[in-house]
Amino acid sequence: MLIEFTKMHGLGNDFMVIDLVTQRLDLTKDLVQLLGDRHLGIGFDQLLVVEPPMRPDVDFSYRIFNTDGTEVEQCGNGARCFARFVQARKLSFKQRLRVETASGIISLTTDRYGWVEVDMGKPKFEPSEIPFTPRAITKIQNAYHLDVNGTPVQLYVANMGNPHAVIKVDDVLDADVETLGKAIESHPAFPERVNVGFMQIMNQRHIRLRVFERGVGETQACGTGACAAVAIGIREGWLDEGEDVRAQLYGGSMVIKWQPGYSVMMTGPTAFVYEGVFSPDGLMAQAGIKPNPES
């Protein structure tokens with residue numbers, strides 16, 4: 001059995017997208033890990049899966065998997081690619097879609113130039129909503145001082161459908177994203193692990209950002225990370241509320257807008273890279289894993 005897939009990216013944040021509306025596949029953790037291997041499989045930052053809706057008021061179910069095989073709640077860049085994919089596959093002809101994720105329902109709107117606006121919902125800042133357990137951690141206003149390998153690190157937290165910690169830095173190019181990001185991602189204060197953003201404020205409508213993604217590592221771009229960083233920046237008075245804020249990442253720029261009390265709106269481009277097919281049984285056999293007899 002061969003399964004069709006599409007490779008896409010949003011600002012360099014790359015995805016493998018599979019239509020499970022018209023195809024059938026048992027996505028085991030082993031298979032996701034193999035598909036995510038850039039040497040032995042296809043390779044991606046996240047695997048996006050389109051499934052039939054589970055409720056009558058949405059168009060599709062949207063599932064997201066990291067390369068380590070874990071299923072995650074949300075992916076903003078992936079949401080934009082999801083919208084373009086279902087239109088290209090003629091699974092829907094709507095310009096505006098409602099899709100269900102593990103963290104709730106989001107709305108996706110595509111313009112005639114192929115840019116997609118995503119209603120990311122309202123940000124959450126309470127520790128219990130991240131989740132974040134700041135026991136014995138110093139808090140000054142909205143900032144937390146977290147002990148990371150004996151060094152205090154000041155950070156802010158937000159949930160944009162998935163958990164984020166954001167550190168304000170003077171220059172993102174000098175930030176120790178790999179070491180510090182990895183240490184904070186798996187810090188005991190974050191029981192479900194956390195995505196870690198490093199934000200530099202350029203002016204009140206422009207930030208530069210690098211993100212160490214949970215279960216992945218640093219990526220070229222992170223949509224939910226940009227939303228979390230801008231929301232925190234607005235909450236702290238560093239950025240203009242209700243205005244377009246440019247979030248500049250390695251892979252390019254997206255536009256984030258947030259008025260406190262309302263949803264965060266994210267707008268950005270998408271790109272198709274190539275299409276292909278793979279054999280689930282073939283991949284599993286090459287890796288020495290017994291295929292699922294029902295796949």
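Here the Cβ of each residue, glycine as well, is placed from N, Cα and C on the backbone.
Model, not experiment: these values are computed from the prediction.
Per Swiss-Prot, substrate binding site is recorded for Asn13, Gln46, Asn66, Gly76, Asn77, Asn162, Asn195, Glu213, Arg214, Gly223, Thr224. Sequence-distant neighbours of Thr224 (substrate binding site) (same chain, six or more apart, CB under 8 Å from its CB) are Gln74, Cys75, Gly76, Met120, Met160, Gly161, Asn162, His164, Asn195, listed in sequence order.
The number of other CB atoms found within 10 A of the CB of Cys75 (active site, proton donor), across every protein chain shown, is 28. Annotation note: Cys75 (active site, proton donor) sits in a coil segment as assigned by DSSP. Summarising the annotation, Swiss-Prot assigns active site, proton donor to Cys75.
The active site, proton acceptor feature in Swiss-Prot is assigned to Cys222. Under the three-state DSSP scheme, Cys222 (active site, proton acceptor) falls in the coil class. When other Cβ atoms within 10 Å of the Cβ of Cys222 (active site, proton acceptor) are tallied across all protein chains shown, the result is 34.
According to Swiss-Prot, the site 'Important for dimerization' annotation covers Tyr274, on the basis of sequence analysis. If you take the C-beta of Tyr274 (site 'Important for dimerization') and look for same-chain residues 6 or more apart in sequence within under 8 angstroms, you find Thr6, Lys7.
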Assuming the binding residues for substrate are exactly those in the record, Asn13, Gln46, Asn66, Gly76, Asn77, Asn162, Asn195, Glu213, Arg214, Gly223, Thr224, what is the maximum CA-CA distance in angstrom, rounded?
17
Near-site residues: substrate, ref Asn13, Gln46, Asn66, Gly76, Asn77, Asn162, Asn195, Glu213, Arg214, Gly223, Thr224, CB cutoff 8 A to centroid:
Asp45, Ile64, Val72, Gln74, Cys75, Gly78, Val211, Val216, Thr219, Cys222, Gly225
Around Arg214 (substrate binding site), which residues of its chain at least 6 apart sit with Cβ under 8 Å of its Cβ?
Asn66, Val72, Asn162, Pro163, Glu185, Arg193, Val194, Asn195
Cβ-Cβ distance under 8 Å to Asn13 (substrate binding site), same chain, at least six residues away:
Asp45, Gln46, Asn77, Gly78, Thr219, Gln220, Ala221, Cys222, Gly223, Gly251
In the structure shown, which of the binding-site residues Asn66, Asn77, Asn195 has the fewest other Cβ atoms within 10 Å?
Asn66
